[in-house]
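Since the structure comes first, as structure tokens, the remarks are kept for the end.
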Amino acid sequence: MKRINLTRYLIEEQREHNTIPAELRLLLEVVARACKAISHSVNKGALAGVLGSAGTGNVQGETQQKLDVIANEVLLEANEYGGNLAAMASEEMESFYEIPHRYPKGEYLLLFDPLDGSSNIDVNVSIGTIFSVLHMPKPGQTVTEADFMQPGVRQVAAGYAVYGPQTTLVLTVGNGVHMFTLDREVGSFILTNRDVKIPADTKEFAINMSNMRHWAPPVRRYIDECLAGTEGPRGKDFNMRWIASMVADVHRILTRGGIFMYPWDKREPGKAGKLRLMYEANPMAFLVEQAGGAATNGHQRILEIQPEKLHQRVAVILGSKNEVDRVTQYHREAQQTA
């Protein structure tokens, strides 16, 4: 079997489908190289002194880990000079980062969560980098935050790298989902899973059960039915999985199916959810839909949500289509009887 690396895949994809212009291909290759560098830092861990808190906080009010800061800098420095981008936005930064005037500017916007699941770093659980690519609405003009305010359906590419027993890059450019495994001996991402599909039905759900008392009734109804097993209305037993790392949980779902839920809860009623729309929900929703799954906030398809601010939060329910549709139906029924 011939080995296809990321560069070859992107070139052949462009020839066949004309969906990856040269500037986008170069951008995706640079992001992949940055992920490779982050992977090396993650793998060294305590040997490189990169574990533990950085002693700072991000715009979300969360404590930054040392690797959060390192990963953010790696992505900024790798992507600022190539001429492919007009600006970048990161979960770790309050405002967007416009490409400095000393470098040429391109027609794309890059958004990323540099290290998702970073609270798991010190306990050696899989973590990852999530990214999303948008077109700059008016290339050549000064970038404003409004340029980033595009619904997820406007993404031209999205993906993540998961740093676990292997480092795997998962990518979509709107023509299916493909997985590439880092071959450390040659330093290349090699295509190992083509056209990944999520089964429509599942017997696994991923949710933080400790928050059950705070959920809205439709979510509690769904989980109660899953927990009832063969004796309940679903007529089958379910398993629960929860890693507390979105990249790891979604990677499992892309690999073998399941439903991931990070719903709204009543502790912070003024917030639509916990996860970030632009850096986490949109790219993951794009990947999941391209793999045949579904993604919703309980009421609306995530990819159709119109962003209003860079760090907007959202409830997230994604994975196997029939299960996501069921949760959406429960929300609809609750609204009708309210």
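The first residue you see is number 1, and the count goes up from there.
Each residue, glycine too, has its Cβ placed from N, Cα and C.
Feature list (source: Swiss-Prot):
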- Glu91, Asp113, Leu115: Mg(2+) 1 binding site (BINDING)
- Asp113, Asp116, Glu280: Mg(2+) 2 binding site (BINDING)
- Asp116, Gly117, Ser118, Ser119, Asn208, Lys274: substrate binding site (BINDING)
Roughly how many Å separate the Cα of Asn208 (substrate binding site) from that of Asp113 (Mg(2+) 1 binding site), to the nearest whole number? 21
Under a three-state reduction of DSSP output, how is Ser118 (substrate binding site) classified: helix, strand, or coil? helix
From Gly117, Ser118, Ser119, Lys274, Glu280, the binding-site residues whose CA lies within 10 Å of that of Glu91 (Mg(2+) 1 binding site): Glu280
Report, in whole Å, the straight Cα-to-Cα distance of Glu280 (Mg(2+) 2 binding site) from Leu115 (Mg(2+) 1 binding site). 11
What is the biggest Cα to Cα gap, in Å, among Asp116, Gly117, Ser118, Ser119, Asn208, Lys274, the residues listed as binding substrate? 17
Among Asp113, Glu280, the one of these binding-site residues whose Cβ has the fewest neighbouring Cβ atoms within 10 Å: Glu280
Cα-Cα, Asp116 (Mg(2+) 2 binding site) versus Lys274 (substrate binding site), nearest Å, comes out at 13
When the Cα-Cα distance from Glu280 (Mg(2+) 2 binding site) is computed for each of the binding-site residues Asp113, Gly117, Ser118, Ser119, Lys274, which gives the smallest value? Asp113
Ser118 (substrate binding site) has how many other Cβ neighbours within 10 Å of its own Cβ? 23
Secondary-structure category, per DSSP, in which Glu280 (Mg(2+) 2 binding site) falls: helix
